[in-house]
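Here it is: the structure, laid out below.
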Amino acid sequence: MPYRTVGCIFNHYQFYANCQSSDAIEMCEFNVKVSSSWKSMSEDAIWSICEPSSCPLWPPLCPLRRNPFDTVKYSDLLEKQLCDLVVAYRQNEGLTTQWDHELSYLLTSLLSSHECERITGFTAGNEEFQDALRQAIPEKHTFSGFPIQQAHTNIKKLFHEALKSSLCQDIISCRGDKVRLSVRVCVFPYPESSFLAILLYNNKEKKG
């Protein structure tokens, strides 16, 4: 199985080779200052390998500007605008809109998990979300969701892009006395003032 042994520990400035009798995690001593357990490489030797002049084929580092936006406030602003668009859309269909704010809150962890999976390839917190969702959805009710992500934050454009999906149309246009809608918007910052916006629409309705 992977991740059961440790042969070395390192970062940009230090390197320690494991010289213990066993490199199995459960048998290792992790105090790198113990010379009998870890053999260190000198910083000069590390620098001679890592300095730019030793690797002339490496491209020069390009400094990236920090993203200056407060993405939490930006997410809240876009979510409010999205709610207004959903309400207006349903009014044109002759429908009223009732929101489930508790469920909207739960959707935050799901969107964060989507972004984590997109970056790392691993999912996290899915079981916890499913447990919370089961508690939030009453008996004889159904849950439908539609996520969409784009590399821009034009909320009207995002809304119309989502409506191209028949599933999203069904969610937003759902009819019934027990229908509750939820939306969540999460904006994730990237360097150079770039963004990734993820929207999730869902409805909770009582089965007939």
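One-based numbering along the chain as shown.
Backbone N, Cα and C define each Cβ position, glycine as well.
Annotation source TrEMBL lists domain 'CEP76/DRC7 peptidase-like' at 2-41. Per TrEMBL, domain 'Centrosomal protein of 76 kDa C-terminal' is recorded for 69-194.
For each listed feature, how buried is it and what is near it?
Under DSSP, the residues of the domain 'CEP76/DRC7 peptidase-like' (2-41) split into helix, strand and coil as follows: 3 helix, 12 strand, 25 coil.
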For a three-state summary based on DSSP, what are the helix, strand and coil counts in the domain 'Centrosomal protein of 76 kDa C-terminal' (69-194)?
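Reading the DSSP string over the domain 'Centrosomal protein of 76 kDa C-terminal' (69-194) gives 68 helix, 23 strand, 35 coil.
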Restricting attention to the domain 'Centrosomal protein of 76 kDa C-terminal' (69-194), give the mean pLDDT.
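Within the domain 'Centrosomal protein of 76 kDa C-terminal' (69-194), the model's average pLDDT equals 86.
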